[in-house]
Amino acid sequence: MPVLGSQRRLLGSLNCTPPATFPLTLAPNRTGPQCLEVSIPDGLFLSLGLVSLVENVLVVAAIAKNRNLHSPMYYFICCLAMSDLLVSVSNVLETAVMLLLEAGALAAQAAVVQQLDNVIDVLICGSMVSSLCFLGAIAVDRYISIFYALRYHSVVTLPRAWRIIAAIWVASILTSLLFITYYNHTVVLLCLVGFFIAMLALMAVLYVHMLARACQHARGIARLQKRQRPIHQGFGLKGAATLTILLGVFFLCWGPFFLHLSLIVLCPQHPTCGCIFKNFNLFLALIICNAIVDPLIYAFRSQELRKTLQEVLQCSW
C-alpha cells in the first residue's frame, strides 16, 4: 500500500536485504531518540492470513448452506466475512510472492511486479473499506432490530439489504481505485481517516444506546420480580464487557493504521512520527488479526451458525 515508512511492497523484494534477526529492535533515528521497531516475520503474516482465511471461508460456507441464515443480518455478516477473506487473501498472496522473489524462485520484470503490486493494493484497500462499511451496517441492523422491533421486517427487507450490499461493494472498489491513483494527495488520506472516525463514532453511539436500552429493560424486569439490584448489576456488567470488547477490538486493530495515515499528513518529516512509520507492518498485522477476531464476535456467537458449522466440518471429513 502506498504509504510512507517501512512497508511490505513487492518491488522491494527485487532488491531484498536479509530480514532482521530479532523481532523487536531499536531503529536508530539520526535526528531524535531511538525508535522501537517491531519486525513482523513473513511466516507470521502467512500464518495469520491462513487462519483468517479458513475462519471466514467457514462462515461464508455455513451461511450459504443453511437457509435459516438467509436473512439481512446474516448476509451482512457473510459480506463482512468476505471482506475479511479478501484482506487475508491479498496479504497471503503478497507475502507468498515476496518470498518467491527473495528466494529467486520467481523471475519477474519490475513492470510486471508493479502491476501485481497495484492489484494487491486495490484488493487490500477495497477490502478494508468494505469491512468497515459492513461493521457499520451490522451495527445499524442490530439497532433497528432493538428499537424498531415491530417494524424491523418491513424496514430491513431483503431487496433493501441487497441494494445496501451492492452499494458498499461498488463504493469500496471505487474508493480503492481512487486511493491507489491519488494516494499522494492529502485530501484522499484525510477522507479515509475521516471515514474511520465516522464509523467508530457510529458504532459507539449505536452500541452504547443499545446497551442503555437493554439495561433499562433489565431494570423493568427486575422491578416486576422484586430483585432489582442483582439482575440489573449482572446484566449491566455483562453488557458493558461485551461493548468494551466489541469497540475495543475495533479500535485497537484499526486505530494504529489510521493513525499512521493521519501522521503522514500531519508530520511526515518529524522524527517521532518517523518512528511510528517504521511499524507499518505491525499495523497491517493488527488488521489481519481483526479479520480473525470478527468471526468470533459476529458469527460464531450464533447457535444456529455454530450448528451449521459443525455440519459443514462433518461433511468435509
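A Cβ is built for glycine as well, from the same backbone N, Cα and C atoms used for every other residue.
The annotation topological domain 'Extracellular' is assigned in Swiss-Prot to 1-37 (among others).
Annotation source Swiss-Prot lists N-linked glycosylation site at Asn29.
Under the heading transmembrane segment, Swiss-Prot lists 38-63 (among others), citing sequence analysis as support.
Under DSSP, residues within the topological domain 'Cytoplasmic' (64-72) fall into helix, strand and coil as 6 helix, 0 strand, 3 coil. Annotation comment: Swiss-Prot describes 64-72 (among others) as topological domain 'Cytoplasmic', evidence class sequence analysis.
The feature transmembrane segment is assigned by Swiss-Prot to 73-93 (among others), with sequence analysis given as support. Sequence-distant contacts of the transmembrane segment (73-93) (same chain, at least 6 residues past either end, Cβ-Cβ under 8 Å): 45-46, 48-50, 52-53, 56-57, 59-60, 63-64, 120, 123-124, 126-128, 130-131, 134-135, 137-138, 141-142, 145, 156, 161-162, 165, 168-169, 172, 284, 287-288, 290-291, 294-295, 298-299, 302, 305.
Per Swiss-Prot, the feature topological domain 'Extracellular' maps to 94-118 (among others). Secondary structure of the topological domain 'Extracellular' (94-118) per DSSP, as helix, strand and coil residue counts: 19 helix, 0 strand, 6 coil.
The transmembrane segment annotation in Swiss-Prot covers 119-140 (among others).
Shown for the topological domain 'Cytoplasmic' (141-163): DSSP residue counts in helix, strand and coil, namely 20 helix, 0 strand, 3 coil. Sequence annotations record features per position, and here Swiss-Prot assigns topological domain 'Cytoplasmic' to 141-163 (among others) based on sequence analysis.
If you look up Swiss-Prot, you'll see 164-183 (among others) marked as transmembrane segment.
Sequence annotations record features per position, and here Swiss-Prot assigns topological domain 'Extracellular' to 184-191 (among others) based on sequence analysis. Long-range contacts of the topological domain 'Extracellular' (184-191) within the same chain: residues 2, 178, 261-262, 264-265, each at least 6 residues beyond the stretch ends and with a Cβ under 8 Å from a Cβ of the stretch.
Sequence-distant contacts of the transmembrane segment (192-211), counting only residues of its own chain at least 6 positions beyond either end whose CB sits under 8 Å from a CB of the stretch, comprise 129, 132-133, 135-136, 139-140, 142-143, 146-147, 179, 239-240, 243, 246-247, 250-251, 254, 258, 261-262, 265. As annotated by Swiss-Prot, transmembrane segment applies to 192-211 (among others).
The feature topological domain 'Cytoplasmic' is assigned by Swiss-Prot to 212-240 (among others), with sequence analysis given as support.
Among the features that Swiss-Prot reports, transmembrane segment is placed at 241-266 (among others), with the record citing sequence analysis. Within the chain carrying the transmembrane segment (241-266), a Cβ under 8 angstroms from the stretch's Cβ atoms is held by residues 3-5, 132, 135, 186, 189-190, 192-193, 196-197, 200, 203-204, 207-208, 211, 273, 276-277, 279-280, 282-284, 286-287, 289-290, 293, 297, all 6 or more beyond its ends.
Annotated topological domain 'Extracellular' per Swiss-Prot: 267-279 (among others), in sequence order. In the predicted structure, the topological domain 'Extracellular' (267-279) carries a mean pLDDT of 84.
Annotation source Swiss-Prot lists transmembrane segment at 280-300 (among others), citing sequence analysis. Within its own chain, the transmembrane segment (280-300) has Cβ neighbours under 8 Å at 1, 3, 5-8, 38-40, 44-45, 48-49, 51-52, 55-56, 58-59, 62, 77, 80-81, 84-85, 87-88, 91, 128, 131, 135, 138, 245-246, 249-250, 252-254, 256-257, 259-260, 306, 309, counting only residues six or more beyond its boundaries.
Here the topological domain 'Cytoplasmic' (301-317) has, by DSSP, the following mix of helix, strand and coil residues: 14 helix, 0 strand, 3 coil. Annotation comment: Swiss-Prot describes 301-317 (among others) as topological domain 'Cytoplasmic', evidence class sequence analysis.
Sequence-distant contacts of the topological domain 'Cytoplasmic' (141-163), counting only residues of its own chain at least 6 positions beyond either end whose CB sits under 8 Å from a CB of the stretch, comprise 71-73, 75-76, 206, 209-210, 213-214. Beyond the transmembrane segment (164-183), the same-chain residues lying 6 or more positions past its ends with a Cβ under 8 Å from any Cβ of the stretch are 1-3, 75-76, 79, 83, 118, 121-127, 129-130, 133-134, 137, 189, 192. Counting every protein chain shown, the Cβ of Cys315 (S-palmitoyl cysteine) has 9 other Cβ atoms within 10 Å.
Tertiary neighbourhood of the topological domain 'Cytoplasmic' (64-72): same-chain residues 78, 141, 156-158, 160-161, 304-305, 308, 311-312, selected by CB-CB distance under 8 Å and a gap of 6+ residues from either end.
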